[in-house]
Amino acid sequence: MPEIEIDPTTRIEGHHATTLEVEDGRVVRAESEMNMFRGIESITHGRTPSDVPQVTQMVCGVCFTCHRQASILALEDAARRAGVFDGVPVTGRLLRDVMEGLFLMWNHAVHLFVLAGPDYSDAVADTGFDRLDPVEGAGYQTALARQRDLLQAFTEFGGRAPHPLTYAPGGVTADPDEAALTAVREALSGVDEWLGPTEALPEHLERARDGGPVPEQGVGTYDLCCLLLAAADAGADGFGVGPGRFYANGMFYGTGDDSLVFPRGIYDGEALSRPSRDELIEGITEDVSHAWYTDASGGRIDEAPAPDPDPEKADAYSWGKAPRFEGETMETGPLARQIAARSDPFDLRADLGNGVAASSTFNRLAARVQELLATRDHLLRWLDAVDLDAPTKADWTDEFTGTGVGFWGASRGALSHWVRVEDGEVEGYQIVTPTTWNLSPRDADGQPGVFEEAVEGMSVADVSDPVDVMRTVRSFDPCLGCAVHVQSPEGSFETRVEPHAPGGSADGH
Amino acid sequence: MSTERHRPVETARPTERPDFLELVREREAGAVVDERADAIRAALSTATRGGLDVVWIQGQSCTGCTVSLLQSEYPAIEGVLSEFREQSSFHTTLMSETGTDAMNAISTDPDVLVVEGAIPTEIPRAATLGTDERGKRKPVVDWVIELGERADVVLAVGTCAAYGGLPAAGRHDSRRGEVGTDPTGARGLQFDGEEPGGVFGPDFEAGSGLPVVNVPGCPAHPEHVLLTLATILNGHEPDLDALHRPLPLFGPLVHDDCELREQYEQGEFADDPGDDGCLYEAGCAGVHAYCDDSVRLRNGGTAICRDVGAPCIGCVEPAFWDRFTPFYEKREDRGDAGLDEPSIMRSDDDAPTWEMRAVSAVVACLCVLIAAPALPVAAALSALSRWLGDGEPISWRDSDLTEA
């Protein structure tokens, strides 16, 4: 039985390894391994609450805003319940939304154009679509320039990227002036022009079907349409199918009341529900039967101690725990958010994919495209709503006792931080990341993680070149820094990139 | 090293190639990268054309330092930077190959080893990469020791690789006034927090005779990484401080050139982050943190933490997670309040960079006065250049490069 091991799973970055067993041209077993542990939850212990978002931010250098945001939301939730905090001023909340929105766009742009996109390019897969050829492709190069614009816009409010220090419990420390706002708008205008109006997507799709020519406006969206067509041609709507259950925390408060712009939801394969905060707290558990932690490290999140390493544990094969909702695996990410919002702009998933609420490698790509454009449209409205004269931060005290949970969306899916504060010191902390939801190991019942399930059963025509497996793992945009590591904003590729082939293309790379 | 990878490099002799870190002393922050982009590109080309072999590996890292480097705003360097990252073959983030190919691409005998992230020494399994000859997961600590002992230069990128950083931060029990051990025994390459030691021990010297060169920061500043790397690739030995940081970049004090310095002089202090005024009373560690980012700024010169009301957290300093916390506490209530504050004077009076230069100038004058007229001018220049930190060229084992 040939056994393929893909390690490191490059271009998604970091210490992640996938082991596949292939029999008769099919994957019969996949093991998703995370190969790094730092113990950041323990490192928060005994610290002052307002220091903790700083510590937990460094979980990940790619998701460098989301962990700070989720950590702050957890603290604010705890302080509100303890009766020492009334809420974040509207402008502070809006500025966080703007930064999170810029970050989301940045992440999706990098993922689609630089990381996942090249898998469907001519140079890699003979698709005839050469604009996303790594390094040389015109679409690839434009995307590199635009992703920098997005982070420069971010830095106007954030101070630096990665690892901005501006989010704080109570709001943001930034107090932007008209000049900063103008600079953000200017940086965004190039991005806006690159993507063009969202409603032009069907025209771009039509043009992409006809093989061009490349339009003058909205060239980024045109490239994305080409990418989706190439992915559909590659049959990506037929592989990488997860359990069909989806979970989204929701994100963005926007200019309205407390309801989220991208709503929270759980789809069980048949019906969509809107779980309350308490239902999520009750329902989410982590299984550690195949993870290098003591058995006591599993169970209900709010009751478990910080992860306690057990590196010699038998049957364990990952540093990632296995999060479950009511005992079941849940796929998370932009696709889950789109499904939770009952949204399928331009029927991309209905027409080109395998159904509005279905799981597949194609649908994950399509949902990222849909979310990128939707976020851009919201962001421009939020910027217009920023009141420069209003306060950006409420008073905050670290002196309280209480517990709280911050539910938020990272670009790659549902993220939650859980905190217990006693007499002004952090006594308990847990982080449940989207990448552990998607790339978890098996649980005690033998239920494979979402990615493992999505890959098991896939046909592998050429064991030396499991390209569809690579496409599938990348479609989750795994941020192993969240669990272990992160994907990079720019890939670095050979001019002539061979299909990703362990054992093949040994041509002196 | 195969001979193929080490074909001759068509560049000037090492001593004629620019020492970018020395140029930094003469120019404003940011100017060197702008003005010398072509020369930096040429320096990186020594690696991409196979003259020098660079390996970049990640331990317990968040990859923020890589992301930071990729945010560099240098169109003139972009192409070669891309290629460079590709060829620093161990850098899993950026490789186009997967699996076996990627592992085969790892040089076991690099000229330059770059490490990002801390190294877990008590739980080696807490960071592994690939497998060993028996098919078992190979700990990064083993990779680092193997490769580091064969490398001519070892470069630690970011505070984690340099001093242990976040993974090495302690678990606190502040009620008992104690800081406990970190969860995995995480260390920097040649430091354990402020203490010399780390993975390699205090006496370690790489093949060139240099200790581990540290470019700290959380994340490291992309220009700091680029300038140090390009200087090393050009064969120059950087002038280091006691914490093994290149002095021209890490000599200035954050506080000295801070935009809020005037408020400090006027005694206008903010109570909390985000309030108007100097952030000194709101816990700013800028009086203990040495680096030039108050003028260099971040993300293509856009801004820096203090610009958005956030106090410096001292991220370029060893053990900053434990020394400067609580980050936003009034300084008199915090442990570092008793530390020396070296920069109540004006920056020009006390920054090590300037001090070094003053000493250099005096020594140079003495040399000239004492030297016999027959003394070759070249010798004086050489002494001067040594004092200025210009350094001996690194004697790469690859003679093609040094003699080209």
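Keep in mind that glycine also has a Cβ here, set from the backbone N, Cα and C atoms.
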Per TrEMBL, B:Cys62, B:Cys65, B:Cys160 bind [4Fe-4S] cluster 1; matching candidate in B:Cys218, B:Cys258:
B:Cys218
Would you please pick out, from the binding-site residues B:Cys62, B:Cys218, B:Cys284, the one with the fewest other Cβ atoms within 10 Å of its Cβ?
B:Cys218
Sequence order please: the binding-site residues B:Cys160, B:His255, B:Cys284, B:Cys312 that have their Cβ under 8 Å from a chain A Cβ, otherwise just none.
none
Measure from the Cα of B:Cys278 ([4Fe-4S] cluster 2 binding site) to the Cα of every one of the binding-site residues B:Cys62, B:Cys65, B:Cys160, B:Cys312, B:Cys315, then give the nearest.
B:Cys312
Distance check, please: Cα of B:Cys284 ([4Fe-4S] cluster 2 binding site) against Cα of B:Cys312 ([3Fe-4S] cluster binding site), rounded to an integer number of angstrom.
5
Listed binding-site residues (B:Cys65, B:Cys160, B:Cys278, B:Cys312), ranked by Cβ neighbours within 10 Å, top entry:
B:Cys160
Spatially closest candidate among B:His255, B:Cys258, B:Cys312, B:Cys315, the listed binding-site residues, to B:Cys160 ([4Fe-4S] cluster 1 binding site) (Cα to Cα):
B:Cys315
Please give me the CB contact count at 10 A for B:Cys258 ([4Fe-4S] cluster 2 binding site), counting all chains in the structure.
25
Where the distance is taken from Cα to Cα, which of the binding-site residues B:His255, B:Cys258, B:Cys312, B:Cys315 turns out closest to B:Cys65 ([4Fe-4S] cluster 1 binding site)?
B:Cys315
Between B:His255 ([4Fe-4S] cluster 2 binding site) and B:Cys312 ([3Fe-4S] cluster binding site), how far is it from one CA atom to the other, in Å?
9
Tell me which of the binding-site residues B:Cys62, B:Cys218, B:Cys312, B:Cys315 ends up closest to B:Cys258 ([4Fe-4S] cluster 2 binding site) in space, Cα to Cα.
B:Cys312
